[in-house]
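What Swiss-Prot annotates here:
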SIGNAL    1-18  signal peptide
TOPO_DOM  19-266  topological domain 'Extracellular'
DISULFID  56-66  disulfide bond
DISULFID  101-112  disulfide bond
DISULFID  126-140  disulfide bond
DOMAIN    151-254  domain 'Fibronectin type-III'
TRANSMEM  267-287  transmembrane segment
TOPO_DOM  288-628  topological domain 'Cytoplasmic'
């Protein structure tokens, strides 16, 4: 029948004289489309030939109904062709009995209704469709899983307040639960979802589900019209029921004029202009402070230079000035080695006088016949001999100031200094022994005249008091010690040397028997007070024989002193029982302690070597010639 209607409609559309105008053609096409849809549905149903369940629904958790499709038997009121059976599954019953639908009419066509007498919760149901005794579809479910409440009813809204600009308003929407749901007694608990949109919009805005029957809506435009709809679901379920009827909301305007669009502050433009202004200011600051910013971002690399040295001197090549500047700094001074030609100075640390009161070697040496007070000129040099060596004039002035002697002694000193400068010729002509000294007996004083005096620096004994002891003890020279090492410093600041090898046998003397007259101001020594160097006035004793003398003003051993001493001492005949004479010591070997020094023995002069008659300090070449 439907097919014949479709063919008739197409025939009518094909005739151009039947309808006039575009509207008539549109209506005809719509009718033809509906007819084709019906024919297609009939063809699909008839082609499959099997009815199916469409849905099973419980509106209030007390009753439920199931619906199915049967287009092939449309219009037939007899139920003999399609039947629905149900059963309640029970794990204890193995053979379950299927029962036919209790009501085919109450829920509508092609449906089965189960009232409260046939409905049980917490139990599974299974339903099936049969056609002419054969099963065509089957479905199992729980009643609480198919709950889809009816739509809420009684929707209305209330205006709560409006904004000060009369542009926005707040409302509250209320509704009632579904009539079929027993919400008051608590048999069922529902959640409600509200959806809202403007009238001219197509997209609904969903609100969060609530359990109450009222929802506030804020900031609604007063010049707009809104649509609201609500649906419900069982709590903890995801199946919503049908939507309620649409509620139309039109907010009243407070002024007779049409509400215009709200004035929006131009934040975007302000941000653009602000960024532009900040950029301009930053560029201005960068250009004005370009050098300083460059120094902060890229600090300059420091130029390599020597502290205290002007780099212009290095560029100009003035090496003499650079060397002078480097010599001022201690860390730039060259180190002295043993083979260096520079003079090495000895620095002695003087201990407290309280630490040397008892048990010192000085008391032992000064208590016996070995006590010989040379009354040597003493002065403590605070710079370890630098001033006395390089500035002899200053030291002589200090000695004269501290000496306390009269100015009558100065001509004698100058005369002796002149004699010391050129002693080579005098000593060669006036030497009591013309033969060159024996290497083993050089620089040895005859034992009969005077015993060798230890280099003991004292300050109280005089030459007049020691003269009887020197004459009365002529044999003690053989047993006297040479002192080669500093062993102690007395509380008064005097230096005591340690004894060396003894000469046990007596030494023969020259025929002239010269007596070595040592001037007592030919050595520097340190007193107890390091700040006030004292100078002892020498007492020169006139001897009958010509004696080698040392320079009085110079506190250090010079070439002339060594040369004169070597030439004046004759080659005495060695006793058979005597030992080899000890040489003088000229250099430091080991520093054992701040007060202990071991000196290296210098080689005795050979017979064929001649001493240089140079004036001044001992140079390296002269010292090597003396030591050979």
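Using N, Cα and C of the backbone, Cβ positions are placed for all residues, glycine too.
Mapped onto this structure are the features recorded in Swiss-Prot.
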{"residue": "56", "record": "disulfide bond", "Cβ neighbours (10 Å)": "21"}
{"residue": "66", "record": "disulfide bond", "Cβ neighbours (10 Å)": "24"}
{"residue": "101", "record": "disulfide bond", "Cβ neighbours (10 Å)": "20"}
{"residue": "112", "record": "disulfide bond", "Cβ neighbours (10 Å)": "26"}
{"residue": "126", "record": "disulfide bond", "Cβ neighbours (10 Å)": "15"}
{"residue": "140", "record": "disulfide bond", "Cβ neighbours (10 Å)": "11"}
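Through the fold, the transmembrane segment (267-287) approaches residues 293 of its own chain, all at least 6 residues removed from its boundaries and within a Cβ separation under 8 Å. Among the disulfide-bonded residues 66, 126, 140, the ones whose Cα sits within 10 Å of the Cα of residue 112 (disulfide bond) are 66, in sequence order. Taken residue by residue with DSSP, residue 101 (disulfide bond) is part of neither helix nor strand, so it is coil. In this structure the alpha carbons, written CA, of residue 56 (disulfide bond) and residue 140 (disulfide bond) are 10 Å apart. Spacing of residue 66 (disulfide bond) relative to residue 101 (disulfide bond) is 10 Å (Cα to Cα, whole number). The separation of residue 101 (disulfide bond) from residue 126 (disulfide bond), Cα to Cα, is 12 Å.
Residue 140 (disulfide bond) sits 15 Å from residue 101 (disulfide bond), taking the C-alpha atoms as the reference points.
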